[in-house]
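Asks: Relevant sequence annotations retrieved from TrEMBL are reproduced here:
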- 128-149: compositional bias 'Low complexity' (COMPBIAS)
- 128-156: region 'Disordered' (REGION)
- 159-219: region 'Leucine repeat I (LRI)' (REGION)
- 238-303: region 'VHIID' (REGION)
- 319-351: region 'Leucine repeat II (LRII)' (REGION)
- 457-531: region 'SAW' (REGION)
- 269-273: motif 'VHIID' (MOTIF)
Amino acid sequence: MSLVTSADSSTTSYGESSNFYTLSNSSEELYGSNLQRFKIGPESYDMYGEQPTPQVEFLHQSSLHQFQSVSDSQNSVQSMDYDEDDIRLKLLELERELLSESEDILLDSDQCIDEEWFEPMKDLLLSNSPKESSSDSNLSSIESSNNNNRETTNVSPLRTPKQLLFDCAFAISENNVEEATNMIKELRQMVSIQGDPPHRIAAYMVEGLAARIASSGRGIYKALKCKEPPTSDRLSAMQILFEVCPCFKFGFMAANGAIAEACKDEERVHIIDFDINQGSQYIALIQALSTRPSRPPRLRITGVDDPESVQRSVGGLKIIGQRLEKLAEGFRVPFEFRAIASKTCDVTPEMLDCHAGEALVVNFAFQLHHMPDESVSTVNQRDRLLRMVKGLEPKLVTVVEQDVNTNTAPFLPRFVEVYNYYSAVFESLDATLPRESADRMNVERQCLARDIVNIVACEGEDRIERYEAAGKWRARMTMAGFTSCALSSYVNGAIRRLLKSYCDRYKVKEEGGALYFGWEDKILVVASAWR
């Protein structure tokens, strides 16, 4: 995650050296073999290391290009004239069907989804067969695709997986189930999870479409076993994703830097984390606090997780706390960990046990998007949580989120939004891991595919992955009474230096006090701090 190992480098006080983010090898031993190393080609890659594998060529450049941020206005599709477009698209779809009635295009290819991943959905997807956004330009590409189709005369044109996916999504949005089902069959013959990025993302998105047809989203998340305790394979995949796709790792690093800066003169620090994951974010923070010129502060971390997960054998909060306690002892940082067995929506201020004299920090790293808002229920859990946190009067609140609108956007714009966002993620993995890498396929299957299927297939309470664009988070935080505070220039500089170890297609920019991390011109992750 936000962890970097440097066995030889010396640790110095915060603000004096880029070694602020270094980590001794001793911490690796605490997390076991599953989280220590993974393979890229013949050479092993250190899970918390900075240096890229020799097997991958990373390009460098002296300056990072600015890329355009996503504004709230771009996330709105309400201004589109759907009536005229709908009529035109229906006519084009009818004409295409008449032209392609006699054709049956089947391409020999690998099976798109391996049996292990596909098994939980097999009955749902194969039974009963047939019988707000920044993607306005891509919505128009669906119409453009249909225009191209009508230029042919006697044969059905060969469509790319992307074109066929968009046509299929449009057919589903029009309740044309038979046509969509035929496209799904064709797509499954075309794509492969071992192919190039467009084929890989199409392989998973087509299963999301099939799942949507099968049950309109009801029970899909459960069918995919997304609510079960994570296995060691899934936890390992998450660690690999956060390491090889630096946008995620740098989000954690930005949050750590903001916390360290805000608490540099504090003697007692209390961090509340509503989704602590495996606690890896705090390994680098504990080390950084240990290097302060004065003695390190007394650190207390409160982790929240639902009752069934707190004591689970794989990744339970109690185990995470024990690992962090052992790490803190090695760095001589006074430390206490407390696990709260409660769903986030049920947490009250009294349960958090805040003490007078402590510098209170609340960390929301890739967590807030799981909270339903006013679009799901009359009880707006997302805003209610933010107001409750504001009432605690924290010294700092850190927010790290993926910059994509999968919350309130209707199905078709949401589908295009998801395709564009995850296409950038899949392409970034292509620059880091070989296509045949088992680690890469595990990351894509365990971390990305489940989110994609949930976003595409599910509606209402079944849709758990409800991301929002940066502008909407800014509005929510402001309405809850928070004020944005800029991340320190040191944190910004340290991340920019580390970014040079990766492919130069990764970008970072600062805007409005927040840090935006992206792949080429697509923003993936935004980190911000609030008071």
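The backbone N, Cα and C atoms fix where each Cβ goes, and this holds for glycine too.
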Asks: Give residue numbers and ranges for long-range contacts of the motif 'VHIID' (269-273): same chain, 6 or more residues beyond its ends, CB-CB under 8 A.
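Replies: That would be 259, 263, 282, 289, 297-304, 352, 354-355, 358-363, 365.
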Asks: Counting only pairs 6 or more apart in sequence, are there at least 3 Cβ pairs under 8 Å between the region 'Leucine repeat II (LRII)' (319-351) and the region 'VHIID' (238-303)?
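Replies: As far as Cβ distances go (cut-off 8 Å, pairs 6 or more apart), the region 'Leucine repeat II (LRII)' (319-351) and the region 'VHIID' (238-303) touch.
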Asks: Could you count the residues of the motif 'VHIID' (269-273) that DSSP puts in helix, in strand and in coil?
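Replies: Computed counts for the motif 'VHIID' (269-273) are 0 helix, 5 strand, 0 coil.
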Asks: Which numbers of helix, strand and coil residues does DSSP report for the region 'Leucine repeat I (LRI)' (159-219)?
Replies: 46 helix, 0 strand, 15 coil
